[in-house]
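What Swiss-Prot lists as transmembrane segment is 26-46, 47-67, 102-122, 149-169, 182-202, 219-239, 262-282, 309-329, 356-376, 377-397, 410-430.
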């Protein structure tokens with residue numbers, strides 16, 4: 001999941017008519033939405049395959065992809081039936097100011113959490129990590145050996161100071177289609193190379209048959225633990241806060257529905273291929289951040305080069321998306337704290353007062369949290385499921401503008417029940433597992 005938001009969710013004014021002459025392209029809309037979907041979530045998909053098995057994982061990807069497309073349609077239909085051009089505006093029409101604040105806060109949690117996840121993965125790539133007593137070397141250790149300056153702390157510090165800081169100091173984010181295209185193509189490069197490596201390993205007989213279904217050997221806890229993998233896939237399909245900014249840059253906002261459908265199908269295919277081939281390639285040794293698996297040595301220099309390209313290309317992809325998330329987070333936080341102030345671009349003091357604490361907090365979070373799986377479980381079972389399913393379903397059932405059909409209300413009811421039930425089970429299981437681990 002890379003949720004690149006291009007505009008504050010609570011704008012102070014409607015888009016000016018002068019901007020109507022410069023409409024966004026359909027291809028740009030597809031790239032922007034696809035980049036919003038394919039973020040760090042793809043890194044945890046193979047681990048979900050390991051937990052759930054191949055067939056349940058593929059089934060859940062298809063179901064969540066379909067539900068995500070449907071819920072995005074709910075949002076646009078509600079928006080066009082009313083007068084709102086933002087997600088928060090639609091929530092405000094349905095549930096008042098509290099609804100707008102709720103979706104803004106949840107979006108901030110998702111974007112900040114995603115920034116931490118991105119930073120953790122980048123740290124894994126450049127400086128390595130230790131998992132279950134096994135040390136996974138980063139690119140810097142492989143190239144230059146282990147030194148104090150390429151440890152995780154100093155590696156991330158260098159990235160934050162000399163790369164992220166200059167980028168997040170940019171005050172305007174415009175015309176994201178080109179950067180989104182580059183980011184998406186880098187993600188696609190990762191999928192292609194990992195698929196080729198898996199096929200080569202399969203031909204050479206170096207792979208084991210993947211589990212088609214989960215193994216339930218530990219009783220009820222293992223069964224309920226399956227629900228902790230589903231939120232990871234939900235997080236990977238959360239893009240709904242970017243639908244409105246993309247839609248209202250198009251000549252016809254309804255075209256975003258076709259762009260969304262294409263993006264969801266494309267990303268579901270990419271997720272399925274990534275999960276299947278990476279799980280086939282690494283089997284039960286698949287890590288929660290699959291990039292860490294690509295640090296293993298190979299018998300050829302070509303294999304080692306491909307491993308490095310896989311990790312480096314995706315790390316660069318995340319680096320390109322990171323400033324977009326920061327821009328959205330900062331804009332929404334400013335709108336929440338200072339709704340009556342002048343534009344953030346025109347207020348240096350407020351701009352720096354928000355930028356530096358957010359960046360420092362993200363850096364500290366990436367150092368303190370060693371594993372992206374915990375963050376994916378938390379975000380997927382709380383914030384992202386609210387943005388992707390609970391809020392859109394509630395808008396349809398509320399039906400303030402009278403646009404909902406009986407069929408849509410039935411689908412929304414099922415969506416709401418599934419989302420809430422899965423979240424409760426996932427949260428309860430995570431708490432139980434964490435408590436049991438602490439006791440042992």
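Placement of Cβ uses the backbone N, Cα and C atoms for every residue, glycine included.
If you count C-beta pairs under 8 angstroms between the transmembrane segment (309-329) and each of 26-46, 47-67, 102-122, 262-282, 410-430, the highest count goes to 102-122.
The stretches the transmembrane segment (182-202) and the transmembrane segment (47-67) do not meet in space: the count of Cβ pairs below 8 angstroms, excluding pairs fewer than 6 apart in sequence, stays at fewer than three. If one looks beyond the transmembrane segment (149-169) by at least 6 residues along the same chain, the residues whose Cβ comes under 8 Å of a Cβ in the stretch are 119, 122-123, 126-129, 138, 140-141, 319, 322-323, 326-327, 330, 355, 359, 362-363, 366-367.
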